[in-house]
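K.L.:
Next up is a structure, given as structure tokens.
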Amino acid sequence: MKKYMTKDSIKSYLLILIGITMVACGVHFFHSPFHLAVGGAYGIGIVFSEFTGLQPGDIMLIVNGVLFVLAFLLIGASFGIKTILASLGTSGIVKVLEFIAPNPQSLSGDIMLDLICGVILSAIGIGIVFNQGASTGGTDILGKIVNKFTGIDIGKAVLYCDFLITLGATLAYGPKTGLYSLFGVVINGLIIDYVIDGMNIAKEVTIVADDPTPIVHFIHNELIKTCTLYDAHGAYSGKPKQVIVTILDRRSYVQLKDFLKSSDQKIFTWIKNSSEVHGEGFRPIE
């Protein structure tokens with residue numbers, strides 16, 4: 001019988017739960033008091049709550065439901081169960097927060113401070129969710145639909161949709177709120193990219209050495225990692241060299257660097273940051 005819930009999958013769903021809780025808290029406690037529509041389904045909820053009298057969480061739930069149906073009919077089931085759960089889960093947590101703390105007041109009394117705090121909290125949450133191969137729905141789904149029929153890049157399509165939401169905030173609440181919302185959309189995207197890259201960062205270490213044996217032994221037996229060897233020779237000296245290439249997490253990289261410092265042989269090395277590493281010992285190829 002196939003084992004569906006592994007330790008890794010449970011960890012992934014727990015991280016998604018943490019991420020969507022951060023998103024829900026960010027938009028409810030920081031964006032909602034000043035009607036800051038910083039994109040996404042909740043941004044749509046904030047805009048239309050002014051015209052319908054419904055709570056943003058109700059509209060968010062309706063929007064995500066409609067978008068999932070449209071996406072399924074128009075582009076097929078290209079989104080996974082994680083995205084469906086994350087999207088509906090975010091809407092559900094927002095509804096719980098609206099029940100526990102309806103009509104929240106600003107925690108700081110300052111629109112810019114609330115905007116920044118809300119964006120940081122929700123963007124980190126979205127980054128965590130994205131890192132688990134899911135999304136919180138909303139304009140991500142709308143971006144896929146737009147991409148299907150216009151050919152516009154999904155990232156740009158999502159950004160255009162978010163800009164339209166900020167335009168709606170301008171019409172509903174005035175230019176000041178609209179401009180703050182627009183600023184929030186830009187900062188939100190930058191922080192999400194930073195969080196995703198930061199969580200996945202690894203070190204690609206290249207080492208040129210006369211005798212690779214002790215280095216390879218340390219990588220294999222102390223770090224419990226693997227590496228690749230290449231034969232080379234020095235262009236000036238003409239002497240044979242060995243080039244070692246390995247990918248390490250930050251902790252293992254520090255250990256390797258300390259080991260290289262203690263080495264007696266002459267070593268030449270360079271390090272590059274890698275934000276997308278898939279395979280054994282890292283993220284699975286999906």
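First residue shown is number 1, and so on along the chain.
Any Cβ shown, glycine's included, is placed from N, Cα and C.
What TrEMBL records for this protein is below:
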TRANSMEM  12-30  transmembrane segment
TRANSMEM  36-54  transmembrane segment
TRANSMEM  61-81  transmembrane segment
TRANSMEM  111-130  transmembrane segment
TRANSMEM  151-173  transmembrane segment
TRANSMEM  179-196  transmembrane segment
DOMAIN    227-279  domain 'DUF2179'
K.L.:
How about long-range neighbours of the transmembrane segment (36-54): same chain, 6 or more residues beyond its ends, C-beta under 8 Å?
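P.N.:
Beyond its ends, the transmembrane segment (36-54) has Cβ neighbours at 27, 30, 60, 63-64, 67, 87, 90-91, 94, 111, 114-115, 118-119, 122, 136-139, 158, 161-162, 165-166, 168-169, 171-173, 177, 180-181, 184-185, 188.
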K.L.:
Among 61-81, 111-130, 179-196, which stretch has the highest count of C-beta pairs below 8 Å with the transmembrane segment (12-30)?
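P.N.:
Maximum Cβ contact count belongs to 111-130.
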K.L.:
Would you list the DSSP helix, strand and coil counts for the residues of the domain 'DUF2179' (227-279)?
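P.N.:
Helix (H, G, I), strand (E, B), coil: 12 helix, 24 strand, 17 coil.
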K.L.:
In the same chain, which residue numbers or ranges, 6 or more beyond the ends of the transmembrane segment (179-196), come under 8 angstroms Cβ to Cβ?
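P.N.:
Counting only partners 6 or more residues beyond its ends, the transmembrane segment (179-196) has Cβ contacts under 8 Å with 31, 34, 36-39, 43, 111-112, 115-116, 118-120, 122-124, 126-128, 130-131, 159, 162-163, 165-166, 169-170, 275.
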K.L.:
Mind looking up the mean pLDDT for the domain 'DUF2179' (227-279) in the predicted model?
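P.N.:
Across the domain 'DUF2179' (227-279), the average pLDDT comes out at 85.
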